[in-house]
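Comments concern the structure below.
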Amino acid sequence: MTTWSLRRRPGRALGLVLLGFFTLLVLRRLDWSNLTRPWLRRRQLGLQAKDQNFMLEDSTFWIFGGSVHYFRVPKEYWRDRLLKMKACGLNTLTTYVPWNLHEPERGRFDFSGNLDLEVTQPFPRGHSWLLQDSGMRLRTTYKGFTNAVDLYFDHLMPRVVPLQYKHGGPIIAVQVENEYGSYNKDPTYMPYIKKALEDRGIEELLLTSDNKDGLSSGAVDGVLATINLQSQHDLQLLSTFLFTVQGARPKMVMEYWTGWFDSWGGTHNILDSSEVLKTVSAIIDAGSSINLYMFHGGTNFGFINGAMHYYDYKSHVTSYDYDAVLTEAGDYTAKYLQLRDFFGSISGTPLPPPPDPLPKTAYESVTPAFYLSLWDALKYMEAPINSEQPVNMENLPVNNGNGQSFGYTLYETTIASSGVLSAFVRDRGQVFVNTVSIGFLDYKRKEINIPLIQGYTTLRILVENCGRVNYGEIDNQRKGLIGNIYLNDSPLSKFRIYSLDMKKSFFQRFSFDEWNKVPEAPTFPAFFLGALSVALSPSDTFMKLEGWEKGVVFINGQNLGRYWNIGPQETLYLPGTWLDQGINQVIVFEEKMAGSVIQFTETPHLGRSRYIN
């Protein structure tokens, strides 16, 4: 049994936490007006924390909630996941609104496609372009931060306000911040966020949520405090503390952790379904409302996996399966079946039948036919940035002055001697002499020996941003080469820097004529191109890269995320909705060692890790 640490979950980039009454949310999109109860048509008071009960209008309301992050689930599957939530007996949906995805560049906002907020938590956290400011202090009232928050809220709130319950929408509560008591850098910050919400028209019930480490510092006047936990022991401890803080008020476990996230090189975390059922039952028996975090985790598509850094830096895996109530692909689990029985027994009315599971297919293996080494690909990239010293990723003059947020950055310079190379690399840098890999630099390995060379030689360091941490020293999350790089204690200079963010536009620079047939002995890192043939209507599948070591996969331009043979994740979830009937483009960027084929399976594998040598 895993020992659980009460720490923050990944992907909490500054966003908004929204609690939406589920029937109303479904109503907006599925036109189930006949299911709306008469007392829900009176919208004057909204959700209230009255004495020891939540009240919706003039009726007692128990919150049986579940968390689903819309940006971690393909838009075409939102309906499926919500119907499965309703069939489990839940009545409330909670979700985050991620600032870093909705404002990828300063002042440029994106609410399209999978970020369509208006189909569906606003607390600010951090943003890569904010770190261009060397004095930035995130989650405080530092002017550079509040100016950015105000601009974000000015664009976000006009979309949120009409969706509030009192305006006819599904949002019944808004969370001011998340576990700020564990951070607690600025006593004026929480009142500022509360006022920023209210000034822009947020009028539903406001909440905070904290675990036992931060509850005493996370409360703010006029806002209902709620708790986050996983054990029944903490339930009693925190319930007692809440009573001393705010008296006889409704109790709410805002995050009951149904599982935990995984990190590369670790084991897959599992929380037994019987343990979950016992704790959920105990929470409700204690007179508390509950939200299951997560009901459905989904996937850290692209580079949004995040990381944690307490004693060691640990990058999170691509899957956000979380051992949640629904799997990463939205399939049922033992937790789902037991919780459905439990919530059905206390609902008072029969639950709707669960939707059928979505079909899965094990497609024929793909053998990559074409290849392009990174070194050959450089000539098709945008011109490199020339700089006397290294420049960290966030301060590169790219993306309209917003720097680079995700992906890789390649640094090149010229050396004329061997010796000891030392650098401050964030997070992982593969070092090359010309095109020959000589090892890696990371948090633990800060030096590497450069072998004997003759004459002037190209030194290259391919640095990967493996994920910014979600808790702790969030102000120090600049990526790439940080400061100077030294050879025998002398700083190197005259760098050429390539931004390899691997967005969709990145691959548009490679025309088909530029690819070569895969050689017997490929040079790495390299891109591999293959074709997946789908004869019938596309179905979900899982990609298995046995024999490959570490890299990123792109299907029809969609970034599925990282793979890495150190585990625990051994397959990548490929939604069928991202496939076309016919030929589908598969591109794999592999850092070190390629397998002969790309396999597909009907079942995921989140196994035990293989340790890093």
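The backbone N, Cα and C atoms fix where each Cβ goes, and this holds for glycine too.
Per TrEMBL, the features are:
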type	residues	note
DOMAIN	53-118	domain 'Glycoside hydrolase 35 catalytic'
DOMAIN	128-343	domain 'Glycoside hydrolase 35 catalytic'
ACT_SITE	Glu179	active site, proton donor
ACT_SITE	Glu255	active site, nucleophile
DOMAIN	403-501	domain 'Beta-galactosidase 1-like first all-beta'
DOMAIN	525-584	domain 'Beta-galactosidase galactose-binding'
Quiz item: Rounded to the nearest angstrom, how far is the Cα of Glu179 (active site, proton donor) from the Cα of the residue listed as 'active site, nucleophile'?
Solution: 11
Quiz item: According to DSSP, how is the domain 'Beta-galactosidase 1-like first all-beta' (403-501) divided among helix, strand and coil residues?
Solution: 3 helix, 51 strand, 45 coil
Quiz item: Helix, strand, coil residue numbers for the domain 'Glycoside hydrolase 35 catalytic' (53-118) per DSSP?
Solution: 25 helix, 20 strand, 21 coil
Exercise. Would you mind checking how many other C-beta atoms are within 10 angstroms of the C-beta on Glu255 (active site, nucleophile)?
Key: 26
Quiz item: What counts of helix, strand and coil residues does DSSP assign across the domain 'Beta-galactosidase galactose-binding' (525-584)?
Solution: 3 helix, 34 strand, 23 coil
Quiz item: Over all shown protein chains, what is the count of other CB atoms within 10 A of the CB belonging to the residue listed as 'active site, proton donor'?
Solution: 25
